[in-house]
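As recorded in TrEMBL, the features of this protein are as follows:
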type	residues	note
DOMAIN	79-192	domain 'Ribose-phosphate pyrophosphokinase N-terminal'
DOMAIN	220-328	domain 'Phosphoribosyltransferase'
């Protein structure tokens, strides 16, 4: 306020205004007050008008602020490494952004079968943002990829991100009997000890992890980013000709807990599953499938038995079309062959579509161009996460 008083004192006529009977009261309005060097002007109008203190920004500051506001933030450049299984997906990701540059690794083996690995031009990635696109499709390929994952952050890189679209041990996340080994926790601990880079802890990007509690398996030395494939599903649903008749079905309470908040704008059907010996009995717990185009949503599928039983009960309860969506199509032993196409609107015979993402590269190769399967690529979502 001392600075303002000094400015007011410089006006010789101001003291005479105090004796003006027409001006019984002065009101000051401060438009801006910052701890910066500023120019102030005073505007006074006789009668009932107010005294206005106005801060005049210098032209140079105004122009600089305008230029800063109009500047476009440059895209973050990323060097993306990949394994042989994820090469196709890596190329899709690179096609999403000019700021993502693909880098290769020499995946070789010694005569005894152990990995003989080499990172070409290791000096060239110093100070760069580096990412690795992994696929832990089988225990046989995990060790060689972990060797690279542990090596990259130590090459003096600016930051390191591990993209693991499918966290493979997620279905073994708990102990039911003494002696059970929760391998999901084991893998989370291994990933939590990836060396830090110049920029700090490793970032982990994964999609639709199976159990919600697995989020807490990771230690403080890694930064997990839990993404979802549901936005891809929503975009695909908008392209359906009868999108106004869609209902979402969850095969069990676990799927409902994972996804219902992201799909709350659709009518919902919840099923439950009862196992009697080796037999699965699926019933509709709540919701109505009559006359609806029903989309069964879950995070992953293995043998597919539950989804098939869910399809049958929905068809028996009046669904006109049935689609399945899962983020991770695992299908061990080619179990995808159990799923049939509905042959143009016969839901009791099969599915209109079975949508999966490309999080499991082996499955994508097997089901490509085979009805009812359709691939929804995670490439755009991964490219956005890397930026």
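Residue numbering: from 1, along the chain as shown.
Every residue gets a Cβ built from N, Cα and C, even glycine.
Heads up, TrEMBL stuff is auto-annotated, nobody curated it.
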Whole-number mean of pLDDT values that fall within the domain 'Ribose-phosphate pyrophosphokinase N-terminal' (79-192):
92
Using DSSP, how many residues in the domain 'Ribose-phosphate pyrophosphokinase N-terminal' (79-192) fall into helix, strand and coil?
43 helix, 26 strand, 45 coil
